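*Asks:* Questions regarding the structure given below will be posed in turn.
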Amino acid sequence: MVKHQPLQQVYEKQLCLSFLTGIYGCRWKRYQRSHDDSSKWECAWFIILCSTFSLLLFWAYFWLEAHNDYNQFNWLLYNRSGEWKDRTVPILATTAVGFSYITFLMILALCHISLGQQLNLYWIHKVGVLAALITTVSGVVSIDDVWGDEWDIILISLQSTGPFLHIGALAAVTALGWLVAEHVVRAERTSKCCFHMILLLVYLSVLLALYMAPLAISSPCIMDKNSLKSRPDVIGRRGAPMLAPENTLMSFNKALQQGVSSLEADVTVSLDGVPFLMRDRTLKRTTDIAKVFPDRQHEDASLFNWTEIRSLNAGQWFLENDPFWTVGSLTGRDRNRIRNLTVCSLVEMLRLAARANRSALLYLRRPPPEHPHYKTWIMDTLWAVQRSGISQKRVTWTPDTDRGRVRGLQQTSLEKLSVEELRHRGISSLTLRYSQASNKDIQDFLANNMSVTVYPVNEPWLYSVLWCSGVSSVSSDTPQVLRKVPYPIWLMSPDKYCLVWITSDLVSIAIVIGIFIFQNYHVIRWRMSGMQNYNPEQIMLSAVARRPSRDVNIMKEKLIFSGTKTQEKGKNVCCQHHGRTNPLDLIKNGKE
């Protein structure tokens, strides 16, 4: 008598796979998964996901490096809207959330591809990807309109981060070689290999471009240590505006405590001819004029007399707005002093610089045409310099106007003029924005005995790059930060950099070749094994399991057939006795 064992199905619990397919495509059940090729529509969504990730990566890097100019960004928006707010906070928050979300989806998608799972992005994620893409594109367009000059920070930052970004990008693309090799090898098992060959060519092209990328990386920090010049002097830009309200006497005192070599200030002439310090055109942002003179808060600051200006509070706004998020770190004594600050006159600031044996850099703003001192503003400023008692050789100012009357003072140019033009005007120093001063320009000016001051320099990486370039001094809102940079962040000789470059390329080449060899080895084993290790029952079940259908349940089944050879012979005899054919013989004959 023949005994038939019941068919036993054993399901393997794959929690990791369930998590991947569930989070990415909301496919939590086994029968919802599929090893079929992804549809063209899902491939298009994967391309959109990759594009969004790349754009967000660029956007996040931009805001990471633009930290040097956050205060300038808020000030530009204040001039447009008339309201002071730290607009960088919502931008950074949304960027962090969006980038984390898109990066998580990218990791899930790559895991799907690695495991051979079909891509099927859930519709909620599709909405999220589109929202992130549209928001980022809108942000890029808006920044280009409001703050277009800031894009230069990306190219400048590459002088500091380029060598490290190259190694990171090379490691990431090398790791992707596993997925590319797997797809190319998989194409050899099917007749559809055209797309995979194109993919292979694109991958190899990107890899080759990364291998040669250091040829385009130029950094002044790739130099011999013996060629490094002395540490650039730090100028307190409007004092130390992170530690006290800008252009106030307390702010300049804080800057001197941080060891600055010079004090920088913005000078305006009052209605009665008193030069005072004010950056904005109006007094609205940095004083309490809205309470004292509510009807005049939008008037030009130079249209107030000195008595009216002196009656305003110039520190309370700093405590209320906390523009640099530093008020919490101040002592109670400093906060009490800030509450009672008034607008600082030019004479007070220059006397402070003279007592500390420091220099002064002045930015003069000419009053409007209706101002009574419209024609005498230069002489009013010169008279204030003389009354302060500071040596005229220690005072530098701009703009380069009325040069005939400003003979005892040093003048600097805010324009990147030629050396011949600067000599013709009798100017021996330049004050340039960091985006205007390339390494080559700095070297040319220094070779012709022209000192170069670069502004604004608030981050250690930018200070290090300019230090390697050889600038004479930098103007900074954060002298307390730059004080802690005793040496450039990194300095590497050309020979050492070439060694790192070549070594990383060779390691990447070896890893990529090893990946492709390993993948092809498995293909050869698969072809050598053929179908000889499969018994007829496995062949029949495999044919059923590989039927191309998205609704087929992908699972591993183990069929347990117990019995002896005698029982199998008994089956054959029984079948022949009743005039039937053994199904196993049919399968074997079909195979032959």
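Glycine residues also receive a Cβ, built from the backbone N, Cα and C atoms like all the rest.
Those TrEMBL annotations? Automatic predictions, nothing curated.
TrEMBL lists these features:
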DOMAIN    232-486  domain 'GP-PDE'
TRANSMEM  43-64  transmembrane segment
TRANSMEM  89-111  transmembrane segment
TRANSMEM  123-143  transmembrane segment
TRANSMEM  163-181  transmembrane segment
TRANSMEM  193-217  transmembrane segment
TRANSMEM  499-518  transmembrane segment
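Give me the local environment of each listed feature.
*Replies:* Only residues 6 or more beyond the boundaries of the transmembrane segment (123-143), in the same chain, are considered here, and those with a CB under 8 A from a CB of the stretch are 24, 26, 45, 48-49, 51-52, 55-56, 59, 62, 91, 94, 98, 101-102, 105, 150.
Below 8 angstroms of C-beta separation, residues 158, 162-163, 166, 169-170, 173-174, 176-177, 180, 183-184, 186-187, 497, 501, 505, 508-509, 512 of the same chain, each at least six residues beyond the ends of the transmembrane segment (193-217), sit close to that stretch.
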*Asks:* Please report, as numbers and ranges, the same-chain residues at least 6 past the borders of the transmembrane segment (163-181) whose CB is under 8 Å from any CB of it.
*Replies:* 110, 113-114, 199-200, 203, 206-207, 210-211, 213-214, 217, 219, 222, 492, 497, 500-501, 504-505, 508, 511-512, 515-516, 518-519
*Asks:* For the domain 'GP-PDE' (232-486), provide the mean pLDDT of the predicted model.
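*Replies:* Value for the domain 'GP-PDE' (232-486), mean pLDDT as a whole number: 92.
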